[in-house]
Amino acid sequence: MEGSLLFSVFIFLAAACVLVPLSKLSGLGSVIGYLIAGVIIGPYVLGAISDPITILHFSEFGVVMMLFLIGLELKPKELWNMRSRLLGLGGLQVGASSLIIALVAHYGFNHPLGEAITIGMALALSSTAIALQIMQDRGMMNEVAGQSGFSVLLFQDVIVIAMIAALPFLATMTGYGAVIDSAHAEDVHGPEGLWWALSIFGVFAGMIIAGRILLRPIFKIIARSKVRETFTAMALLLVIGAALLMNWLGLSAALGAFIAGVVLADSEYRHQLERDIEPFKALLLGLFFISVGMSLDFATLAEKPALIFGLVAGLIGVKFLVLYVIGAVFKLVLSSRILFATLLCQAGEFGFVLFQFALTEGAISAETSTLLTAVIALSMGLTPILILIFDKFISPLFATQSLTGEPPIDEGSRVLVLGFGRVGQLAGRLLHTQNIATTIIDNDGDHIDFLKQFGHRVYYGDASDVDLLHKAGAAKADVIIVAMDDRDKVTQTVHEIREHFPKAKIVARARNRGHLFDLLAEDVDFAERETVRGGLAMGRKALTYLGFSEDKARDLSDKFLEMDFKLAMEAYEMRGDMEALVSKARRGHALLKETLSGEANYMSHDEEEDDNN
């Protein structure tokens, strides 16, 4: 039963469901919960899962999905604006860390030069999965410290390609000898030489062309079909396809997914893609962190505890100092510098990959690879604890100082319009006449295309989805207009807005009086029955055709609207008592008729006096 896939899935889910919430509630964070779960179910404690390395490789696809989602948030122009941070911060961090670690390995531990350089390159890399997860949990991705950290991680994802390519050369400087034959090594590294370079150029160009020309019509067709699972399937197809292309070229699958995301960042469908991919990313990343916990080699740790803990402390210390100095060079404020260095001072998952390739090529010995793999896993496991220490003891010292050096980027509008059909268009056009910025969410592909032609800020997707509302800026909106056609969807959306964005004023579209009562029960600020004013306008015009003056018809209409709303509010208060409600409706109808008849006679008398005068 142990070898059963279902049993393994059950073990993973059970460990995550028990330990992650406990870790989160105790203030340790979700990542530590996953790591503890991995340690407990791994081969050195309960032994419920015996092959953590295979699971680790599979779960790395969660990192691929995370890079795709991050790419969706970065438009090509924004990525270009990051070039100084990308090359400056990233280049300095990788170069300085690799150099220092390689010198220590060569002169301090007597490793051959080629092996020392391999060790320096592998340990210079940080954990994309852990650092980005922490940055996203803390809402740092639109802040200077978060963007600086992301720039370093992205540079590392790119430079790892060159590191892998350099391993055969470094292997000639060690004398260990390759573990596999050259034919298989060629398969590992993919096409080589000029053909390899041309293949990379062709694939990247193809991805850009496909993203700009082919994918939008495909997404439009899928959106029109209204089959949501097809959209999810298409999103997964994109990520997996980009990863397969990169693997064929011998490049980082995460890099391919990131490029695919950037290509689609300008698409109106990007937020629906985010929503569909997010659950898969979250589960696979959780599995990745559990796998890291399982891969902690307690046998090696028990043999050489002082050496391993000393190497971990030395690695974190060196990388922290390098990152701190680089942060100072790029003028990050002191608190941001410390947080930036703490986030990235661990080794990362690409270190596992690089050591695996290095062992294959003969650029590192098996004993060194085993030892340093334990160092990488342990340093990754310590990162969330270091962040906790920062939050508890260091951050309070800078309570009056911004952690970012500048405020977060605010991309929100004052008004959100959810649903841009007949009702939403009228509300939006009125606001537009006063130059009031609006953000629109709609799930109609034709509406999206039309709105983009006029430069509107628009999102495709389900307006009741809380994540999409967050991305559209609902937390900073003053007013949210809920104007979808579907009655139940309007009620559900009002409920979600009131629960998650209590500061916003909610203006909603009601289908009828019963729907109005439902919206009032959800504490809506204002609800307009969509047919009332149109019906009254027709009744008002009919009165003029029957001899009533324009002013009299308008006054009667306004009075009717006022009394009808008052009666509706009274009916709402007794909505649980059907007998009293029916009785009240009858009395209200009689009162309304009596009042308006008197009003009409009074206005007729006034008009006759005016005529006599």
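Each Cβ is built from the backbone N, Cα and C atoms, and glycine gets one as well.
Annotated domain 'RCK N-terminal' per TrEMBL: 412-528, in sequence order. Taken from TrEMBL, the feature transmembrane segment applies to 6-22, 31-49, 55-74, 86-107, 113-132, 152-173, 193-215, 236-260, 280-299, 306-326, 338-359, 371-390.
Proximity of distant same-chain residues to the transmembrane segment (371-390), defined by a Cβ-Cβ separation under 8 Å and at least 6 residues beyond the stretch ends, is recorded for 27-29, 31-32, 35, 119, 122-123, 127, 130-131, 134, 292-293, 295-297, 300-301, 304, 307-309, 311-312, 315-316, 338-339, 342-343, 345-349, 351-352, 355. Non-local neighbours of the transmembrane segment (193-215) in the same chain are 238, 242, 245, 249-251, 256, 259-260, 263-264, 267; each lies 6+ residues outside the stretch with a CB under 8 Å from one of its CB atoms. Between the transmembrane segment (280-299) and the transmembrane segment (86-107), fewer than three CB pairs separated by 6 or more residues in sequence fall under 8 Å, so the two stretches do not touch. Here the domain 'RCK N-terminal' (412-528) is broken down by DSSP into helix, strand and coil counts: 54 helix, 26 strand, 37 coil.
If one looks beyond the transmembrane segment (6-22) by at least 6 residues along the same chain, the residues whose Cβ comes under 8 Å of a Cβ in the stretch are 30, 33-34, 36-38, 40-41, 48-49, 55, 286-287, 290.
Mean model confidence for the domain 'RCK N-terminal' (412-528) is a pLDDT of 81.
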